[in-house]
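Asker: Sharing the feature lines straight out of Swiss-Prot:
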- Cys70, Cys74, Cys77: [4Fe-4S] cluster binding site (BINDING)
- Cys114, Cys145, Cys205, Arg277: [2Fe-2S] cluster binding site (BINDING)
- 55-282: domain 'Radical SAM core' (DOMAIN)
Amino acid sequence: MLNMVQSNPKGVEKTASKSEQDAWTLASARLLYDLPFNDLLFEAQNVHRANFDPNRVQLSKLLNIKTGGCPEDCGYCSQSAHHASGLKASKLMSLDTVLEEAQKAKDSGATRYCMGAAWRSPKPRDEPAIAEMVKQVKALGLETCMTLGMLSPDQAQTFAEAGLDYYNHNIDTSERFYPQVITTRSFDDRLETLAHVREAGIKVCSGGILGLGETEDDRIDMLVTLANLPTPPESVPINMLIPMPGSRLEKASPVDPIAFVRIIALARLMMPQSHVRLTAGRNSMSDEMQALCFFAGANSIFIGDTLLTAANPGEDRDTSLMRRLGLTADTLDNHA
């Protein structure tokens, strides 16, 4: 098995468009996932080096531009109106505040600015304000990303015309396990939004969360779904659940660190040209665990003290870790 992977690791030669013949299956992905840990990381590092500078990390900053009051019942989220998290709903943030925070993000080394709103989908009355945020943030010299819930084709086109670079809409988990986590929005709804985003010419950011109570096969199957999209996401965020007080999953069991690193490696092997982002949960990861994730192919992180409503490693810790690992921040010229 190892010799086969070394000579032609499934995924390395894949192009953006795939046929049914070379589509991933749970069985083919599981074969890689089950490799001895050292072999899996060796293969992932080889694929990573073939597609990226292994010592550069893309830095993004995430800002919550509208907090709480979301009508969705996502079991992991403190911003859901279904959960007694104590989080107060806010109105849409002003453009001036968004731009002030965007400039701080750029000054900290971020090349992409991600703006998230706790909505099921944007309301028509908010679309002009969102479009203006995109235009003004781009004018600062940053890539833009939005995560606003479901989008219609017209909404995706509106934001594309404003210059939106990326749209984040995670599929969260496997199609099989999805109804155990969310009941107010279907798995197909999520895939439909991703299709609208792609058709509008916006780059796709989509990944999932580990630690929801899913099985290993669910985690792998989530990656199969993403890798088998007509064009895989340009950005694949992999989150480790942060159990939020008041949420339905506040007592969820922690994720095994080795299993988490395996998923990072598998994402790299299955989507070799995508940025794999080490996302939520880094604050509770040891430096050693993060180092393994970078070796396994993660090459993007969110910087800043907070990630929506959860804690994130501060700038000092990230700077120290990157210095000790010999990693440098990516620039737009390097990853555009």
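Just so you know, glycine gets a Cβ as well, placed from its N, Cα and C.
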Asker: Under 8 Å Cβ-Cβ from Cys145 ([2Fe-2S] cluster binding site), six or more apart in the same chain: what's there?
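Answerer: Long-range Cβ contacts: Ser60, Arg112, Tyr113, Cys114, Met115, Leu164, Asp165, Tyr166, Tyr167, Asn168, Cys205.
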Asker: By the DSSP assignment reduced to helix, strand and coil, which category contains Cys77 ([4Fe-4S] cluster binding site)?
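Answerer: For Cys77 ([4Fe-4S] cluster binding site) - judged by DSSP and reduced to three states - the answer is coil.
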Asker: Take the C-alpha atoms of Cys77 ([4Fe-4S] cluster binding site) and Arg277 ([2Fe-2S] cluster binding site) and report the distance between them in angstrom, rounded.
Answerer: 19
Asker: Counting other Cβ atoms within 10 Å of each residue's Cβ, which of the binding-site residues Cys70, Cys114 comes out lowest?
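Answerer: It is Cys70 that, of the binding-site residues Cys70, Cys114, has the fewest other Cβ atoms within 10 Å.
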Asker: May I ask for the distance between Arg277 ([2Fe-2S] cluster binding site) and Cys74 ([4Fe-4S] cluster binding site), taken between their Cα atoms and rounded to an integer number of Å?
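Answerer: Counting only the Cα atoms, the answer is 21 Å.
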Asker: Show, in sequence order, which residues other than Cys114, Cys145, Cys205, Arg277 on the same chain lie with their Cβ within 8 Å of the centre of the Cβ atoms of the [2Fe-2S] cluster site.
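Answerer: Residues close to the [2Fe-2S] cluster site, other than Cys114, Cys145, Cys205, Arg277: Ser60, Leu62, Arg112, Thr147, Tyr166, Asn168, Ser235, Pro237.
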Asker: So if I draw a 10 Å sphere around the Cβ of Arg277 ([2Fe-2S] cluster binding site), how many other Cβ atoms end up inside it?
Answerer: 25
Asker: Just name the winner among Cys74, Cys77, Cys205 (the binding-site residues) by count of other CB atoms within 10 A of its CB.
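Answerer: In terms of Cβ crowding, the pick is Cys205.
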